[in-house]
Amino acid sequence: MQIMTSSSTSPTSPTSPLAAAADNGVAAAYFNFRGAERVPESHVWKGMHEKDTAPVAAADADGGDAVPVVDMSGGDDAAVAAVARAAEEWGGFLLVGHGVTAEALARVEAQAARLFALPADDKARGARRPGGGNTGYGVPPYLLRYPKQMWAEGYTFPPPAIRDEFRRVWPDAGDDYHRFCSAMEEYDSSMRALGERLLAMFFKALGLAGNDAPGGETERKIRETLTSTIHLNMFPRCPDPDRVVGLAAHTDSGFFTFILQSPVPGLQLLRHRPDRWVTVPGTPGALIVVVGDLFHVLTNGRFHSVFHRAVVNRERDRISMPYFLGPPADMKVTPLVAAGSPESKAVYQAVTWPEYMAVRDKLFGTNISALSMIRVAKEEDKES
């Protein structure tokens, strides 16, 4: 495997941040995507996961495989109904009319691209550290469990730590540092406010909005305690994109995720009966919303999480910026019975995020769904 290096520092030098990142076992050694003329065996993925064998759906005339588009500009009953329909039938949708300006989205995308264009040693100064949780540049810990590597670079950080975190990348705290941090802070502020607006629409769609409604207190508590994480992805162009995966098929574990993607399409949602992948178009100004597992639990299965993956392009790089929203670690996510089950019974056990992640981690590499493991057994199941 070829290691990405800058012209200024040897990767074998003790002073090289890239060498230090490799030595600490947290950040993987990075393949030089830019100079790749072929795909090395370490990145050949196609067909490894059973979901990867599902075909990619072609656009059909009746729009049956067109990803739903929700316009929230009016915030009216029609928009709420569209949110409910998309979350029930797809688990993901394109969001327009959200109020975040195209200029603001362009600024944050440009800054993400500039980060990934830095020399490898500069990026490696921000490498994930032992005991540093899920923060830093490099491969997220859960991806290291796959036998193959993804065709991607990534950087994860909690919004409150933006300025401290990126002083590692730009230790001189110069103009580049301030421009980057300002763009990320603007993105955080916009997504946080948008998340609260969308949460209100979700609860209204469930018929649980308002302080006097069955879910009113829950909505207020969730809104006031939402936690967030930003993950920047770069999916470089690839000489043989059909043999690699940008990001393996998965569901998000939290409540819901906003994804800003560049105009180059690459995100795909899994549809069933029959299984097929549907590509989300790169619609300028739109954000993608993906429902997560814990929102699936909270809504008692009415709004379902969706498997999604990222594929790469032969000619163009692709930027993707997920903004993850979820509960605090100590909050028990309890199904809102009135939201989903016609029998008015909880379909899932109440669970904290760490408890749920422990179940997911235990089932990694199997075909068993973590949601199925916290499902409350029906009476007929108990008797069989």
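Glycine is no exception: its Cβ is also placed from the backbone N, Cα and C atoms.
Feature annotation from Swiss-Prot assigns domain 'Fe2OG dioxygenase' to 225-327; the stated evidence is sequence analysis. Mapped onto DSSP helix, strand and coil, the domain 'Fe2OG dioxygenase' (225-327) counts 10 helix, 45 strand, 48 coil.
The Fe cation binding site feature in Swiss-Prot is assigned to His250, Asp252, His308; the stated evidence is sequence analysis. Note: His250 (Fe cation binding site) has non-local neighbours Phe307, His308, Arg309, i.e. same-chain residues 6+ apart with C-beta under 8 A of its own C-beta.
The C-beta environment of Arg318 (2-oxoglutarate binding site), restricted to residues of the same chain at least 6 apart in sequence and closer than 8 Å, consists of Asn233, Met234, Phe235, Gly246, Gln261, Ser262, Val264, Gly266, Ala310, Val312. Positions annotated as 2-oxoglutarate binding site by Swiss-Prot: Arg318, Ser320.
Residues His250, Asp252, His308 make up the record's Fe cation site, and a Cβ search at 8 Å around their centroid adds Ala249, Thr251, Thr257, Val290, Gly292, Ser305, Val306, Phe307, Arg309 from the same chain. Ser320 (2-oxoglutarate binding site) sits 15 Å from Asp252 (Fe cation binding site), counting Cα to Cα. Neighbour list (Asp252 (Fe cation binding site), Cβ cut-off 8 Å, at least 6 residues apart, same chain): Val290, Val291, Gly292, Asp293, Ser305, Pro322, Phe324. Along the domain 'Fe2OG dioxygenase' (225-327), the predicted structure has mean pLDDT 95.
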